[in-house]
Structure formats: C-alpha cells, structure tokens
Amino acid sequence: MSIRDLFTISRKKNTDNITKREDEKAFPEGIVTKCPKCKMIHVTKEIEKNLKVCTKCQHHFSLTAEERIACFLDKGSFVSMDDHLQTTNPLNFPAYVEKIEIDKKKTGLNEAVLTGVGALKGMQVVVAVMDSHFRMGSMGSVVGEKITRAVEKATELRVPFIIFTASGGARMQEGVLSLMQMAKTSVALKRHSEEGLLYISIMTHPTTGGVSASFASIGDYNIAEPQSLIGFAGRRVIEQTVREKLPDDFQTAEFLLDHGQLDAIFNRLEMRDKIATIVKLHVQGGVSHV
Amino acid sequence: MSKLMAFEEPVVKLREKIVELKTIATEAEVDMSGEIEKLESRLQELEKNVYANMEPWDRVQVARHAERPTTLEYIERIFDDFIELHGDRTFKDDASIVGGIASFNGQAITIIGHQRGKTTKENIRRNFGMPHPEGYRKALRLMKQAEKFNRPIICFIDTKGAYPGKAAEERGQSEAIARNLFEMAGLRVPIISVVIGEGGSGGALALGVANQILMLENATYSVISPEGAASILWKDASYAKQAAEAMKITALDLKQLEIIDGIIPEVAGGAHKDKEQQAIIMKEYITNTLNDLNKESAEQLVENRYTKFKNIGQYIEQ
Ligand SMILES: [Zn+2]
C-alpha cells in the first residue's frame, strides 16, 4: 500500500447536499445535457428533477451512489457504514493504489459501493448501492466485505436487504481474491435468507460478470431498470464464440425479462414507490405459520 | 506419447541422448556404461531441477495438458460403485458436468465434476468442459439430493469457465452460477472441492463453495485466463506468460492468499505421467480431509463454511 492511503481521511457522507455537487460530476456540460440515446437537448436542472431520466425516450442516465440514496430513501434517514475500509494491493499491481486514490477523490466514496441503514417510507432497511463511476463498479475485497457486512447488519436487525447493482464484474487487479467475493457475499445472503428475511436485487446499468453471477441474480425479487445491460459474458466474447449476430436487445433488461430471468422492470420514477410496496407486503400483514 | 511442453525440453533432449548412446554402444559393442551412468544421474538431477522450479506458465501448460486426468478418470480409480446420474429435470443433460453417487472407503458420497473430452469428438460433446446453465442446475440437483440422504459431496473443478454463448445467457448463466454459490452455502453435509486442472472464474467457483478446497500442485484457479488478463493489461494476449505470474493463479499462490486449504502433490512432471499413482495420492488426501469433516455436525459444517469465506479478502481496517 502507498503512504497516501494512510493519510486519506474518510469523508463524512451527507446526502442532502448531493444536488449541489452532481453538476460537476455527471454533467460537465453544465447548463444543458444531451441525451446519448435520442439526442434531445435537456436543461440540466429539468432532467435532474426528473431523476435523470430522459423525458423523451426514457433513457436512464447513470446515478452516483449518493444520488441513488437521495432519490430512493426517506430524506436524511441514511447512515452509511464501513467508510473506513481501505483497498490494498494484494497482487502488487502497478498503479493500482493510485487509480483507487483518483476514484476516491472523484466519487467521495472509499470504494465502489456505498452501504448503510436507512428508511424507506418509514420502514427500516439496509441498502447497498454500487457506483459505476468508481473503477466501473468492479468488485474487489473491500466491495465484497462492505456488501457482506451490510447483509450481516440486515440479518442482525432482522430487516430487508436491498441492493442496487452497477458493476463490470470482478476486479482483475485483485485476482482470485475478487472471484472469492462472489462466494463470500452469497454465503452471507444465504444466512439472511434462512432467517426468513427479504432480499431485493435491483440491477442497473451495467450489471455483468461476477456481480451478475452472484448476489445480483439471487434476490427474492430480481428487479431491473429499463434498458440496463445485464449478463454474464461480454457481448464481444460471445460473438467471437458463437460466430452469429446477436439481437440488438441482447442482454438488456427487457431481453432478460422476456427470458424469465427477472421479476419486473421498474422505471426509476416509480422505483421508490414500487419497492416500498414490495417491502410493505413483507413486513406488514403477514401471518406466521410457525 | 505425451505432448512436449517447452519447459521439459532439456529433460527430453537428454533422455533421447542417453537412448541414442545406448544404441550406439550396443551396435558398436563398446563399453560406454561409465558414460551412460554419468548421463543418467545427470538426467535425474535435471529432472528434479526442472520439475521443482516450474514457473506459473509451465504449470498452466501442465494443467491444460491434453492427457491430464479428468474427473471421470479419477472417479473410476478412487470410488467404487459409481452410478452416473443425468439431467437438470428442466432442459437437458449437460455433458460438461458429470455427477453421480458412489462409495468411498465404504461411505456413500455424491461426486460432481467438470468433464473435458479427450478427443475432438468427445470435446464437442462435452463442450470442452464449459457448462451451460443446465450443467450447474444438474450439479445443484445432485447436491440437494446428497443433503437429503446425508451424503458428503466431493467436487472436481476443471474448466476454462462457464460457456460464453447466446443460449447460455438466455437460460440464465448468471443465475445458475449464483444459485449454486448461494445454495452450497447452506448445505448441511461436508463439501470438498478439488481443483484438478484449470479453475476458470465463476464457472469453476460454482462447484467451489466447500468446507475444504484442495488444489493439485499444477492446477490453476483464477478470475480470468492468463490470455484474457494479458489482453487487458498489455493489450496483447501473447503476454500470457507474464500474466500467469502477475495474477497469482498457482496452488502455492492460493495457499499464500489463504484461499485454499491444501495442495495435493503431483507425480514428477504432472499428473498425466502416472494416473494410477496420482489417483492413489488424491485418494489419500480426500480420505484424510473427509475423515476430519465427518466429525463435524451439520451446524458446524455450515458455520465453518461461512467463516471460511467470510475471511477471504484483503483490506485495511482503519
Ligand atoms: Zn432521450
């Protein structure tokens, strides 16, 4: 590890000032924003009010973890966990620690997932939100550990666990340690599940590789945002293997829904309401048959 | 005849030279026994040296060797009364994963493993040991069955990875792998996983959430193939040798990273040099491992598996 790691001060999360900071992050253009899909020019402030969903074509712009928390949980209810965990360099990869440092500054996060306890329409939940702006949301030891601890917290509090995934997969620079995080998070989820507790996985763009092939796909409810790329293998790898043209909608949320891999696709504008309804149906009105 | 691997070349060359010398000596009726003896002891020395100093990339070659023993070859040498069981009950029987029940030192067990082919024809049938979702679902079905009848589960890992194909994605490759990780976590019977060849990424891990993970000395276990890593790191797959080193994929590396529990030694030059002897060594290791696990209660097995995986990872807590 580099000496710089030792002096990194973990930042205090404050979800209320998100809207002030997001301009410089997601929309460097400033006042106007062009939709990459339909090319429509939006007034940035207007599209932010619309949770960064294009009013014309429904394209969902990517959110930072903090923006996701702000539009999903009850205002001011979120308390983050494990912001002190720091990534190390187990395989001594050149420039790895430096790259982590850059993304820490860019995102204000200690790693590619933000975890914590909060309230969803008054119901206590533990949430984990992956952030694709941090090393493509890839999963190394810290991401695996943060998610595992968050699941354990949900088990301890006996509350639902909700994750928003956004990840390119396992983090190559941590080699097989990254691979093993798939197993680690899964064993924690199994224990949570055996307690009869609720787990909702919400896949956002993109959810691929090792993340898709572990916790993202084993929710009691597997939900996705529209048009998200979700899949195990990369499109290019598959094209080289099967030597046939893949359909345009291949590995989109809609493709997965059609093939029976998802329970539902929810538009971001209705996500909070729909998920709150699912949670409500589990924590209220249940009859114990024990 | 075994295919020649680059690192073995000096050994093979010297061996050929000795044979040549012996022929000459016989034909010319001259006494060269002193010379031959000297060369033979040099050969022994060289062999010891070459096989003791194998680089990660050399081990990759051994792990991929066409004649390296497969799951079925170990099954036939280690277990009795093996009955293969087929199919996932939903879609089809994936021949890239084999499974069944057998007797091991008198104890009923379930055995599941990736299965490569030995010939081109068999490899096509077995999809080069790269499973589709139905393969993982067959594996899970057999594991649940093992749990019902209180049988330990022994998994052999030997795959380049889960198959990256259109149909595999349509049928939920991600979910199939993820489901196995999740369900294996809760099984109330002992699980032993042995990496016998290549352990490629999630497709390998889907048989790997075990109480004890063992690796053959020349097996590899990795998040991405050396070629894949090289093309990302250096934009050039020909740097695979360097990537094999950097990615830390050998049995010794995984032991040092505290991921695996034990290394099973291989016969000199690799398991393919003497399958019978290798199976005997393998049997001894699995016997000892299972004897230990047989003493644990179902609760302990689940708890210990949890702790084992919970502890994998490196980070700084400050
Ligand atoms: Zn648009």
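Backbone N, Cα and C atoms are what each Cβ position is placed from, and that goes for glycine too.
Of all ranges given (A:35-57, A:58-80, A:104-126, A:265-287), TrEMBL attaches the label zinc finger to A:35-57. Taking the mean position of the Cβ atoms of A:Cys35, A:Cys38, A:Cys54, A:Cys57 as the Zn(2+) site, the remaining same-chain residues with a Cβ inside 8 Å of that point are A:Pro36, A:Lys37, A:Lys39, A:Met40, A:Thr55, A:Lys56, A:Gln58, A:His59. Within the same chain, the residues at least 6 positions away from A:Cys57 (Zn(2+) binding site) whose Cβ sits under 8 Å from its Cβ are A:Cys35, A:Lys37, A:Cys38, A:Met40, listed in sequence order. Non-local neighbourhood of A:Cys54 (Zn(2+) binding site): A:Cys35, A:Lys37, A:Cys38, A:Met40, A:His42, A:Ile47, A:His60, A:Phe61, each in the same chain, at least six residues away, with C-beta under 8 Å from its C-beta. Listed binding-site residues: A:Cys35, A:Cys38. The one with the lowest count of other Cβ atoms within 10 Å of its Cβ is A:Cys38. In the three-state DSSP classification, A:Cys38 (Zn(2+) binding site) falls within coil. The secondary structure of A:Cys57 (Zn(2+) binding site), as reduced to three states from DSSP, is coil rather than helix or strand.
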